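Student: Quick one: the structure is below, questions incoming.
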Amino acid sequence: MLMTAEQYIESLRKLNTRVYMFGEKIENWVDHPMIRPSINCVAMTYELAQDPQYADLMTTKSNLIGKTINRFANLHQSTDDLRKKVKMQRLLGQKTASCFQRCVGMDAFNAVFSTTYEIDQKYGTNYHKNFTEYLKYIQENDLIVDGAMTDPKGDRGLAPSAQKDPDLFLRIVEKREDGIVVRGAKAHQTGSINSHEHIIMPTIAMTEADKDYAVSFACPSDADGLFMIYGRQSCDTRKMEEGADIDLGNKQFGGQEALVVFDNVFIPNDRIFLCQEYDFAGMMVERFAGYHRQSYGGCKVGVGDVVIGAAALAADYNGAQKASHVKDKLIEMTHLNETLYCCGIACSAEGYPTAAGNYQIDLLLANVCKQNITRFPYEIVRLAEDIAGGLMVTMPSEADFKSETVVGRDGETIGDFCNKFFAAAPTCTTEERMRVLRFLENICLGASAVGYRTESMHGAGSPQAQRIMIARQGNINAKKELAKAIAGIK
């Protein structure tokens, strides 16, 4: 049964998740002002699934349990499923202007499903059955799963087994008859605290020397020995200021990252999906990366829609909307944003079935998509800053605009002067101008810049990772033969 947004939030309260921030344990993390906006983002994935207007995008019928499920728990059954995934992600980006945190889990489901099938084919293991039963449980209960791939990595020039500290990549430290014990951490984990469960994957291709690091499994967020340390974001403590509203830029929604620590966590056999089969670590990584690079052609585009709208509003409020250079910049922003969407849709339309039966995206086009994502959002926010003007970063606080402290010769307050000197076109109030500029500050430089700027660079793999895959998938030799044929070279 599909949960409501309210039921999702209440379900988090029932977990015994250990969360630490600023060196202290956070007892009521669900209502903590720095965390709650990210929970609201996830809740939106539940809210829209309940809305008939969005049912076709947000929900689908499960091929495993035969019931209606949230699309975030779906195994893609067609290229239409892949396209709807991207459209759903764009919609949620438009509704939250933030990272809504469920994409990694969805992409992990599809990568692990197909990879475990092929592991079982080679080694006669039961990983595919383990995973299928696990996903049925997730679908039946409409749960959030954090997909966790990135290890801390330590010295990037060394393999996992060659690190000075062996825990810098998550690893198996003990094998038992009933399961395994793991130790290490997963870094930069988007939405991990807001998740009911975690599904762990290796972060790189591995050799036999690294076999203890070749592990994939699932565990609950409140597993014994698991805890999370909340990651900071630019301007994050603004959320803790009394009565904070306008200065936040995006009061209701936000992203979240954390370091997830596994301090000797036991994993039972039925929740293990890869255990020392090192030759399949690379396949799992590559498939997950492909799905996640496709995802960015949806979510970042939706956020981009809001950024473009905010820039256009700022131009209106500044009285500059008719300037030809402003119009041209908005056209360029739209061109860049829609190019990203084209990439997301293209790699979906060119998808194909895996041996396990679910659909995989076109890997080359997915990597082209993410390569563009590493660049275009930066240009979009640069143009937004250009249109907005310097007040975006020099504006006094909301408290100053509301201040009744008398400072003027004729009894004027601080608020009177702020509202007087920061008024703009008659089509808007000073507060409306403040609000749109604070939003742009937040998305360009503040807490939301984590999800729209730096995540666009490094999320789903840093730029060079895509270039390696583009080189691998680009089939240059075939292109040489085409050129030879046209040029008459034998």
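Cβ atoms here come from the backbone N, Cα and C positions, even for glycine.
According to Swiss-Prot, the record shows the following:
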BINDING   C99, C103, H292, C299  [4Fe-4S] cluster binding site
BINDING   149-156, 188-190, H325, 386-390  FAD binding site
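Walk me through the surroundings of each of these features.
Tutor: For C103 ([4Fe-4S] cluster binding site), applying a Cβ distance below 8 Å and a minimum sequence separation of six or more within one chain yields F72, Q89, H292, S295, C299.
Counted within 10 Å of its Cβ, the other Cβ atoms near D386 (FAD binding site) come to 12, all protein chains included.
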Student: Around C99 ([4Fe-4S] cluster binding site), which residues of its chain at least 6 apart sit with Cβ under 8 Å of its Cβ?
Tutor: S38, C41, T190, G191, G255, Q256, C299, G451, E455
Student: Non-local Cβ contacts of M149 (FAD binding site) (under 8 Å, 6 or more apart, same chain)?
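Tutor: In sequence order, V104, A108, K186, I200, M201, P202, T203, V285, F288 meet the Cβ cut-off.
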Student: I want to verify one value. Collapsing DSSP to three states, which class is M149 (FAD binding site)?
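Tutor: It is coil.
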Student: Radius 10 Å, atoms counted are CB only; among the binding-site residues D155, Q189, C299, G389, which position scores highest?
Tutor: C299
